[in-house]
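Annotated features in Swiss-Prot:
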- Gly67, Pro68, Glu69, Ser70, Ser71, Gly72, Lys73, Thr74: ATP binding site (BINDING)
- 329-354: region 'Disordered' (REGION)
Amino acid sequence: MDDDRKKALGAALGQIEKQFGKGAVMRMGDARAVRGDVKSISTGSLALDVALGIGGLPRGRVVEIYGPESSGKTTLTLHIIAEAQKAGGAAAFVDAEHALDPDYAEAVGVDINDLLVSQPDTGEQALEIADMLVRSGGLDVVVVDSVAALTPKAEIEGEMGDSHVGLQARLMSQALRKLTGSIQRSNTLVVFINQIRMKIGVMFGSPETTTGGNALKFYSSVRMDIRRLGAIKKGDEVLGNETRVKVVKNKMAPPFKQAEFEILYGEGISREGEIIDMGVAQGFVDKSGAWYSYNGDRIGQGKDNARQFLRNNPQIAADIEARIREKVLGTALPEAEPTEDAASDTEQKSGKGS
């Protein structure tokens with residue numbers, strides 16, 4: 001580029017910076033240096049973290065989780081919240097369905113005393129609350145459950161049989177246009193849970209679609225389709241569900257990968273079961289007949305006994321998981337970045353100690 005053009009560009013950049021602030025325009029290499037690598041928050045499922053390619057869900061992005069009823073959508077989001085809290089982060093749950101069970105959330109591992117919960121009356125109120133929470137910059141995860149329950153105010157105030165074509169789609173489109181910038185700036189992971197509906201008269205292809213129009217499909221960096229495969233039984237007693245998640249869209253890594261795991265009633269995702277399955281697949285756990293062994297020591301006969309052994313010995317479970325992550329992802333367990341409040345607390349403590 002010649003000197004005159006460089007001067008003209010420099011003057012334009014200076015004017016933009018003066019009017020819109022520092023960092024309004026920057027060279028892509030500088031932007032990458034400022035933002036660094038995309039941080040992730042674990043999903044609570046080792047297999048799903050691997051399928052996502054970056055060890056979890058990306059911070060500063062929109063994620064959609066959809067599937068049929070009782071497929072494990074809310075359970076998965078509660079695990080995401082629990083993982084963020086374990087790493088010192090904070091989370092909020094916008095419960096538009098008014099169906100969140102605090103006892104189950106606690107059983108899954110969520111610190112309910114540290115979880116912000118909102119049960120809004122209208123879709124506009126729900127999305128406005130989500131926007132304000134994201135803009136605060138103090139949260140790591142915001143979950144909206146669910147898009148289908150975000151009822152526009154006009155529909156709530158109208159008569160039961162009134163037609164309100166496209167209201168919800170317009171609401172979602174407007175909200176996502178407003179939210180996207182603040183989500184990226186605050187580095188908050190925003191998860192939308194969605195339901196499935198059937199399109200009428202579809203001859204070819206899948207008749208399934210998600211609610212709320214197409215905006216969420218476009219704005220989401222990751223979309224996950226979660227399905228119940230079958231029941232986990234011990235004799236006649238049903239203990240939980242076998243679940244499959246397909247990553248149908250992924251802007252962070254190659255898409256269309258799948259993960260299978262067990263969701264146990266009253267407990268959530270069976271992490272020990274995943275560690276055993278993936279440990280065997282990666283060669284860290286030996287399986288001979290019904291016996292499972294690790295480092296030459298037998299850890300149980302049958303998967304249930306091996307799972308119980310890992311529950312009783314969390315350090316061994318953590319060691320196997322760390323080795324699996326190191327081999328498959330080349331990383332350790334992902335951590336959520338501390339919030340601004342947590343960072344200031346740490347600085348104050350270090351100041352007192354010095």
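Glycine too: its Cβ is placed from the backbone N, Cα and C atoms.
Note on the binding-site residues Pro68, Gly72: the fewest other CB atoms within 10 A surround the CB of Pro68. Each of the binding-site residues Ser70, Ser71, Thr74 was scored by how many other Cβ atoms lie within 10 Å of its Cβ, and the smallest score goes to Ser70. Here the binding-site residues are Gly67, Glu69, Lys73, and the one whose Cβ sees the fewest other Cβ atoms within 10 Å is Glu69.
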